[in-house]
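Pulled from TrEMBL, these are the features on record:
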{"type": "DOMAIN", "residues": "27-483", "note": "domain 'Citrate transporter-like'"}
{"type": "TRANSMEM", "residues": "6-25", "note": "transmembrane segment"}
{"type": "TRANSMEM", "residues": "63-81", "note": "transmembrane segment"}
{"type": "TRANSMEM", "residues": "180-204", "note": "transmembrane segment"}
{"type": "TRANSMEM", "residues": "361-377", "note": "transmembrane segment"}
{"type": "TRANSMEM", "residues": "389-410", "note": "transmembrane segment"}
{"type": "TRANSMEM", "residues": "430-453", "note": "transmembrane segment"}
{"type": "TRANSMEM", "residues": "473-493", "note": "transmembrane segment"}
{"type": "TRANSMEM", "residues": "513-535", "note": "transmembrane segment"}
Amino acid sequence: MVLAPAIKVVLGSLAFAIFWVLAVFPAVPFMPIGRTAGSLLGAMLMVLFQVLTPDQAFEAIDLPILGLLFGTMVVSVYLERADMFKYLGKLLSWKSQGSKDLLCRICVISAISSAFFTNDTSCVVLTEFVLKIARQQNLPPHPFLLALASSANIGSAATPIGNPQNLVIAVQSKIPFGEFLFGIACSMVVGICVNAFILLCMFWKLLSVQKDEEEPPMEVAPQDDVNSHRFSPATMSHLTSQSSQELNAHLEAMSIHSSPSVNGRIDNNILRNRVAGSADNEIHRDENVLKDGTDIGSSQKKDERVVSTASLTHRIMSANSNFGLEEIDEKSAKWKIILWKIGVYAITVGMLVSFMAGLNMSWTAITAALALVILDFKDARPCLEKVSYSLLVFFCGMFVTVEGFNRTGIPSAVWDFMEPYAQIDHVSGVAILATVIVVLSNLASNVPTVLLLGGRVAAAAASISPEKEKKAWLILAWVSTVAGNLSLLGSAANLIVCEQARRAQNFGYNLTFWVHLKFGVPSTIIVTAIGLMLIRA
């Protein structure tokens, strides 16, 4: 492809440069508007500079990719509500055999969850679990945070729904879900093992040190679960203060009902004894008052107190009956929640099976999302508000910006120069191609790299054979994803782990750029190289 007119080349390059700066450094001092607004600015400039017409800009937006991304995000929201990630977090500490066993578990669980629920979602949810376990066992957090982020990136490479760039590759290449998984699964499994081995080698001494004040491992539970059994003062608003005995009886009965140690069961004998004791106390108090001669008209007062005691007894026995009804209601609600969770998991499995069967992934994901909304049988707005619409808007702007830059002719000219040296039927060609992808993925981010190189790399490979074309797409998916482990800025998953760890209450930790780089460089080079040898077309 020849270069466009000079004015288009200059203006198109300027618009792309602005987009690149704001995408890689979203908080630059001269324009701290963020990635999403930066992508829209780049798209707007492409149209304003007449690099693209408005119709061409709208045509550049890939709706199937947006549909697939939206559907998978909605499914992830409902899986989080169904405690899927809480159960994964519990697996981290279940019968743990020490720090090294914990690190290997994090690698495996992070990789598997990222492959099917996206790497960003896994990192958002699992980071705090990892920090809590590390702090509770008095272990240094950074080896485990590195294991979480790097394994999430490696694991997400195995499926089309693992990360955004794989979504782009799956839609553009039309490779079925099963073939995509089969082609990269071996590289992913070996890559996770190698990555865990590198982590163990680098931090073996640190993980072997036993602290003097080591706390016993505890089961990690979200704060909401911890607070769910606490007594709420709001429940006291309907109580009266006629007597201290009545108030204590109510509070003790409610305490028994809410206590997790008895699982909501009420001992009727205890309640009967409490009623009898309360009544006896009232009668003894009345007798003492009569003996002291401080009450005139004692017979009338006594009758009133007897009636009050009977009323108290009736109220407590009614409470006993009400607690029994509440216990039945709680059991019914508990079973409804269990059945709802089973339905969520079943729909998710059905979505994955449909992917494996070769059905259209975009519409399958949207159908699964709507099925979950209907299953929930309530207003879906709270769940839909958790979808990252800013990411969808970012993709729209990025599609337009990258299309405009492609029309300048610069990417094609650069690829024409590189193509003779990057043929994937030679080892040297694969090495050169992988190097270019790693560098571009860390400079321009992995999704723009895929959009810029994907069609050109596939076309060059297709001239050799159809199998080579498919392998070229898989190589692009593997390398562009694993390249995110090179530095802290290499992927969104790394930044998510860093920010989540820094902001975590009571467990905060700052994962620095250089700590990540010391591990990221050797891990990326070794894992990428080994994985390239195991990719199957």
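The backbone N, Cα and C atoms fix where each Cβ goes, glycine too.
Since the structure is predicted, the reported quantities are computational estimates derived from the model, not experimental observations.
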Are the transmembrane segment (513-535) and the transmembrane segment (430-453) close enough to be called in contact, which here means at least 3 C-beta pairs under 8 A that are separated by 6 or more residues?
yes
Does the structure show the transmembrane segment (63-81) and the transmembrane segment (389-410) touching, where I'm treating 3 or more Cβ pairs under 8 angstroms (sequence separation 6 or more) as a contact?
yes
Output the single range from 361-377, 389-410, 430-453 maximising the number of Cβ pairs under 8 Å to the transmembrane segment (6-25).
389-410
Recorded stretch that, among 389-410, 430-453, 473-493, has the most CB pairs under 8 Å to the transmembrane segment (180-204):
473-493
Six or more residues beyond either end and a Cβ under 8 Å away: which residues meet both conditions relative to the transmembrane segment (389-410)?
1-4, 8-9, 12-13, 15-16, 19, 23, 35-36, 38-43, 46-47, 51-52, 56-57, 60-62, 65-66, 69-70, 73, 164, 447-448, 451-452
